[in-house]
Amino acid sequence: MSLNYIKNFYEGCLRPPTVIGQFHTLFFGSVRMFFLGVLGFAVYGNEALHFSCDPDRRELNLFCYNQFRPITPQVFWALQLVTVLVPGAVFHLYAACKNIDQEEILERPIYTVFYIISVLLRIILEVIAFWLQSHLFGFQVHPLYMCDASALEKAFNVTKCMVPEHFEKTIFLSAMYTFTVITILLCIAEIFEILCRRLGYLNNQ
C-alpha cells in the first residue's frame, strides 16, 4: 500500500490536473533548475575566491565578502525553489493518501479549493522571494563595492573591493527575476484555468 501512495504522489507531482500546471512543472523542473544548477555554479561558483579588496589581505577579503553577500545567491535560489515546491507537494501527498484521482480534484469542490490554496501559496512565496532577492542582491551588480571594514580594523575604514564578472552576474540576476515573474504568471493562469474548467463541469451537470 505504501508503494501505491508513493506512485500516486509521484504521478500527482509530475502530472497536475491542469494543462498549465503540467507546463509549470516542466518549466520549473527542467529549465529553472538546470539554469540554476549548471549556469549558477559557473557564474557564482568561485566568486569568494576572486573577490578582492584594497589592501588585498585574506581576512579583509573574507570580512567584506560576507558583508557583500550575507547569503550566497545559489543558496538563496535553492531555498526558494524548495520552499515554492512545498505547498504543491503537501497537496499531492494528501491526495495520494486519500487516493484522489487527478481528474477528481477539479470535479469535487473541496479538493478544488484545496488545490487553489496551494497555488495561491506558491504565488505568495514567489512574491516574498522576489522581494527578498531585490533587497539582498538588488537589480544590478556593480564592479566596485565599498566595504565598511572599520569593525575589523580602524585603519581600513571604507575600502574598495572588486566584484568579479559583475556583468555576467547582472545578466544571471535578471534571468532569475524573469523566472520568478514567469512562475507567478503561470500560477495565476492556472487558477483561471481551474475556474474555467469548474464552470464547465457545473454547466455539464
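Any Cβ shown, glycine's included, is placed from N, Cα and C.
Since we're looking at a predicted model, the values are computed, not measured.
The transmembrane segment feature in TrEMBL is assigned to 25-44 (among others).
Annotation source TrEMBL lists transmembrane segment at 75-97 (among others).
Marked as transmembrane segment by TrEMBL: 109-132 (among others). Residues 17, 21, 76, 80, 83-84, 86-88, 90-91, 94-95, 100, 177, 180-181, 183-184, 187-188, 190-191, 194, 198 of the same chain lie 6+ residues outside the transmembrane segment (109-132) yet bring a C-beta within less than 8 angstroms of a C-beta in it.
Annotation comment: TrEMBL describes 125-194 as domain 'Connexin cysteine-rich'. In the predicted structure, the domain 'Connexin cysteine-rich' (125-194) carries a mean pLDDT of 87.
Listed by sequence, the residues of this chain that lie at least six past the ends of the transmembrane segment (171-192) yet keep a Cβ under 8 A from its Cβ atoms are 18, 20-21, 23-24, 27-28, 31-32, 35-36, 39-40, 43-44, 73, 77, 80, 84, 116, 119-120, 122-123, 126-127, 129-130, 133, 137-141. The transmembrane segment annotation in TrEMBL covers 171-192 (among others).
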